[in-house]
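Chemist: The structure's right below; bear with me while I get my questions together.
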Amino acid sequence: MDRPGVEEFLAGANVLLTGATGLMGKLTMEKLLRSCSDLKKLYVLVRVKKGKAAEDRLAELFENVVFDQLKNEQPDFLSKVVLIHGDCVQPNLGLSEDDQNMLRAKVNCVLHFAATVRFDQTIRTATYINVRATRDLLRLATEMPNLKSFVYMSTAYSHCVRSSIGEEFYETPITGEKLITLVDTCSEEFLDRITPTWPNTYSFTKAVAEEVVQCFILPTAREPLLGWTDNMYGIVGLVLGISLGVIRVARIKFDCLADMVPADYCINNAIAAAWYVGEKTNREVASNFDNRPPIFNFVISPHASITWRNFWRWVDAHLRKIPTKYLVWYPCCFFVENYYTYMLLAILFHHIPAHLADFVMLCLGRQPSSAVPGFSHLNYRPVDGARKIDKAMNAISYFSTREWMFSDQNTQELYRQLNDTDKKKFFFDLSNFDWNQYFRSGVEGARVYIVKDPLETIREGKKRYRKLQIYHFALVTVLCLGLLWLCYFIFKLLF
């Protein structure tokens, strides 16, 4: 007898989702509510943020364009969504006793996607959100009599200190319990010294969280909107900054592999993992994975060798076809590997121009953030922007100047287990993926959904692009002539 498919598995099920307001959370909600029409309830954990009530945040979230298709196909979808007040920074995720009891009694599947993804987050806050919240939710899950599966989304780079990363658990320098005790009792100064080999608190605490449990995500490729994204973390922020002419120097090793996956494919992989664990008996899962929870690496490197050189060649070609009218300067970027070379060029091409721009705007009696008409919605201020670029580049460069070897046999086996219907609805096979088309849609998505510049303004964008191109090369010519004159003047003085 054939096993039920993913949709049948989730029919009548109550699902608890954490991290609902993040990029992956939005996509997961949309996918579950649209593709699993018989889902009973979707419990979403939302916190109060900057004085805005959880109810208001959830209502605002559903106004996002990513839910438009869902609204057309399932107009009554809100009847299935249940708001749960909580906060992953707090013990027990900030859940009230009543909510804990209700979740214990009703939940069949837990999707734990909540995390702080800030690379510069303090170790204390990162531990509370990424480690303690995971531990507390696991404890709660063990008390759910009807639980079928618990899916924890980590990052492929949690053990980035290793050169080869398989679908297995690795030892961490400290257990989750000990780390929680440390952050509860020690000073920030001491805590800052306990992650020497990890590049940031995000990957370190995600690695420790995996011990408690014992993959670069990018815009969507197909669903629910082609190229949709709504955050500026990682590679998306880098591409956006270069496309606007804001980032002119970046630390990237062109010959390294760029391991990146589309966000919607990643969500489908996670949902399929929940089905796989839930439909197999505990004995089957235990025997297949050496009595440990299964790990599914969702990565591209075993299937396609995409280097940063390939990535940038595709992206750059598409960027120049659809420039935005909000261009700050002509897009031109130097890619270097060495840290000191980067810092020297950053001073020349980021910091000095930023201070000059601020000075000129202040002399003209204008706020620096309004230097470019219509650009204030991105909160751009040259000097602050230059500092943020350095900060972001320091975080990204660890990953853009190295490469890792990943294995994904479990993920491939998971895909083979899906029936033909589920392979079409919950697709995550990257073996024949069209990356050129994907990067094209990603560039368009960043323009439309982050810069808020519709494709109808491409003509206006091209006009501004050509004007800034003239300014750019005119400035380069003047600077080169000035440098030649200076060399000539020095030569005459000396000889």
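Placement of Cβ uses the backbone N, Cα and C atoms for every residue, glycine included.
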Chemist: Quick check on the annotations: TrEMBL lists transmembrane segment for one of 232-250, 251-269, 346-364. Which range is it?
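Modeler: Going through 232-250, 251-269, 346-364 one by one, TrEMBL gives transmembrane segment for 232-250.
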Chemist: Within the domain 'Fatty acyl-CoA reductase C-terminal' (349-453), what mean pLDDT does the predicted structure show?
Modeler: 80
Chemist: What else in the chain is close to the transmembrane segment (470-491), if you only count residues 6 or more beyond its ends and a Cβ gap under 8 Å?
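Modeler: Counting only partners 6 or more residues beyond its ends, the transmembrane segment (470-491) has Cβ contacts under 8 Å with 329-330, 332.
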Chemist: What does DSSP give as the helix, strand and coil breakdown of the domain 'Fatty acyl-CoA reductase C-terminal' (349-453)?
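Modeler: When I sort the residues of the domain 'Fatty acyl-CoA reductase C-terminal' (349-453) into the three classes, I find 71 helix, 2 strand, 32 coil.
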